[in-house]
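The disulfide bond annotation in Swiss-Prot covers C4-C16, C10-C26.
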Amino acid sequence: VIHCDAATICPDGTTCCLSPYGVWYCCPFSMGQCCRDGIHCCRHGYHCDSTSTHCLR
């Protein structure tokens, strides 16, 4: 498991992402890129577009 903080864990092979509201969520990709909206994330090597709804290379 991955410890995001003292109270939050994510499964191995995922990435901890901190939302703008201070809530942790698990991105289902190892070394994922967390989007600013606090909901979405992208695979390693991709980044979020300005709407945080699409991943760009």
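Placed from the backbone N, Cα and C atoms, the Cβ positions cover glycine too.
Here the features listed in Swiss-Prot are placed on the structure.
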| residue | record | CB count, 10 Å |
| --- | --- | --- |
| C4 | disulfide bond | 17 |
| C10 | disulfide bond | 18 |
| C16 | disulfide bond | 17 |
| C26 | disulfide bond | 18 |
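Between the C-alpha atoms of C26 (disulfide bond) and C4 (disulfide bond), the distance comes to 9 Å.
Across the structure, C16 (disulfide bond) and C10 (disulfide bond) place their CA atoms 7 angstrom apart.
Secondary structure at C4 (disulfide bond), taken from DSSP and collapsed to helix, strand or coil, is coil.
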